[in-house]
Every structure is written in structure tokens, then in C-alpha cells.
Amino acid sequence: MEYNNQTSTDFFLSGLFPPSRTGLFFFILIVLIFQMALFGNLSMIILILVDTHLHTPMYFLLSQLSLMDLNFISTIVPKMAFDYLFGNKTISFIWCGVQSFFFLTLAGGEGLLLASMAYDRYVAICFPLHYPIHMSKRICALMIIGCWTMSSINSCAHTAYVLNISYCPSRTINHFFCDVPAMLTLACMDTWVYEYTVFVSTTLFLVFPFIGIVCSYGRVLFAIYHMRSAEGRKKAYSTCSTHLTVVTFYYAPFAYTYLRPRSFRSPTEDKVLAVFYTILTPMLNPIIYSLRNKEVIGALRRVIQRICSVKM
């Protein structure tokens, strides 16, 4: 095989939508979802910053989730939209590495952050008297720093590898962003050892946190079951089931994509699954975790009233 180590050579992204009316419909839909995600996540970040009632560990974690989702979808959709509109599907070698770095950092960080949020709810519901001790602002800050730091280190290692392997002359990535498994199919070398490290990383950043989330919510549901108030049980069950649905939307496609051997992967299937965790989840999270929350709605009303009183 002919090797190609020139880092100046561009990659080509195959994209997500075909150049047809159906493709145009889905493109417009994705753009609308992108705008909803921007508005929802920006609103949450601003509300938590300006309203002192939301300066608690739970909402600090929510603000970080919104920040990650905001950066997550912004890393993928603008480039994809530009490629579709202008037909320019090239991406430079370096920018492909940059996109992979941010994608992996945000993906791993969000997986750890969702587990931290589940732990926060577990302590709040199962051990309410010990909540100020187990979830102090210091511990919350350490959790957030840990999520960003661990995911960044993991991302640096993977990005450094994919930028230093030998690629074949064919530079077309069969995906709508620089996804590491899709890039590995273009390698002109044996990558089985690295694929094993991908499996280990996926287990550490997705599988174990997901197991922790399920266990936390299992204990929460058990505590809810023993509540005396039927209305309180109904409300808590509804909230937990909704949260678990969103968490599953995020973790399941990720794990299914990254834990499978290359021989079992389908590029079309990988693209469809990627839509869930790169586009749909960042749009759904502010709705499920935040905008349906009465305290958040109350904070929004206070901010609007404050703005109106200033104008008058």
C-alpha cells in the first residue's frame, strides 16, 4: 500500500444529507434544532449566572451541562451546514484534529458530568440531611474541574494518535465530522492496539458512568417508592424516567458505536446514531433538565420582571 504522511493534505467529509429535496428538508430541520439548542443552553447559562436563587451545586452542574452542550453542537453543526450549502466538503488535516479534540473532550466530559448530576440527585433525595456536606460548593467545583480535566487528557491522547498515523491516498471520511473510528478506516497501518484503547476509554467515560447513573436512580426510585405522598411519587417518577430517557439517548448510541469492532460497523448506521448524541441530546437537555423545572421558570420570571422594571 502507498503511504501518505503529508499533514497538509485535506480530508473530505461525505456529509449527512444527500443533495435532494429530502436532504434539504432534513438540513432545515437540523438548523432549527441547532437554533433551539443555542437558545435553550444560552438561556440556562445566563439565568444561573444572574439569579442568586440558582447558585446551588445542582444548578452549577446544570450550567456546565449547558456549556458543554452549547460547545458540543457548535463543534459539529456549523461546519456541516457550511459544507451542505456551499458544496465544499474539505477539511484541513489540522482542523480535523481540532474538531476531533473538542468532540472527544466534550463527549467524555458530558458523560462524567451526567454521572455527577445523578450523584447530586441521589444525595439530595436519599440523604437530604447530609447534602450540604456531600455536595458542598467545593466538592461541586472539584467534580466540574475533574470532568473537564480527565476528558481533556483523554482527548489529547486520542487526537495525538490520529494525527500521527499513516493515511492512505483515499482521504474521504465517511461521516459528517472527523470521528475517530471513521478516520481509522483510512489508516494504512494496523490499528488494532489503538482500537483496544478506544474500547477502554469508552468503558471508562461512558459505560461506568452509565452504570453509576442507573444505580443512583435505582436508589432514588426506591426512596421515592416509600414516600407517603402519592402526588410526590408520581412527580418524582415522571422526572426520573424523563432524565433516564435523555441519558439513554446520549449513552446508548455512543457505546454502541465505539464498543463494536470495526468489522461490525456500518457508516450509515454510525451517522444516524451520531445525530442522537451530537444534535438531538444538546437540544433536549435544557428542556428536560432545566426548562421544565419550576425554580428555573421562577428565575426566568424574576429576570424578566427585573428587565421590565429597569426599562420603566
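In case you wondered, yes, glycine gets a Cβ from its N, Cα and C as well.
Curation plays no part in TrEMBL annotations; they are all automatic predictions.
TrEMBL has this to say about the protein:
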TRANSMEM  24-50  transmembrane segment
DOMAIN    40-289  domain 'G-protein coupled receptors family 1 profile'
TRANSMEM  57-77  transmembrane segment
TRANSMEM  97-119  transmembrane segment
TRANSMEM  139-161  transmembrane segment
TRANSMEM  199-224  transmembrane segment
TRANSMEM  236-252  transmembrane segment
TRANSMEM  272-291  transmembrane segment
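Away from its own ends, the transmembrane segment (139-161) comes close to residues 57, 60-61, 64, 97, 100-102, 104-109, 111-113, 116, 120, 180, 194, 197-198, 201, 204-205 of its chain (Cβ-Cβ under 8 Å, at least six residues beyond either end). Of the Cβ pairs linking the transmembrane segment (57-77) with the transmembrane segment (236-252) and spaced 6 or more residues apart, fewer than 3 are under 8 Å, so the two regions do not touch. The stretch in 24-50, 97-119, 236-252 that contributes the largest number of Cβ pairs under 8 Å to the transmembrane segment (199-224) is 97-119. With a threshold of 8 Å between CB atoms, the same-chain residues lying at least 6 positions outside the transmembrane segment (272-291) that come near it are 16, 30, 33-34, 36-37, 40-41, 43-44, 62, 65-66, 69-70, 72-73, 76-77, 103, 107, 117, 175-177, 179, 242-243, 245-246, 249-250, 253-254, 256-257, 297.
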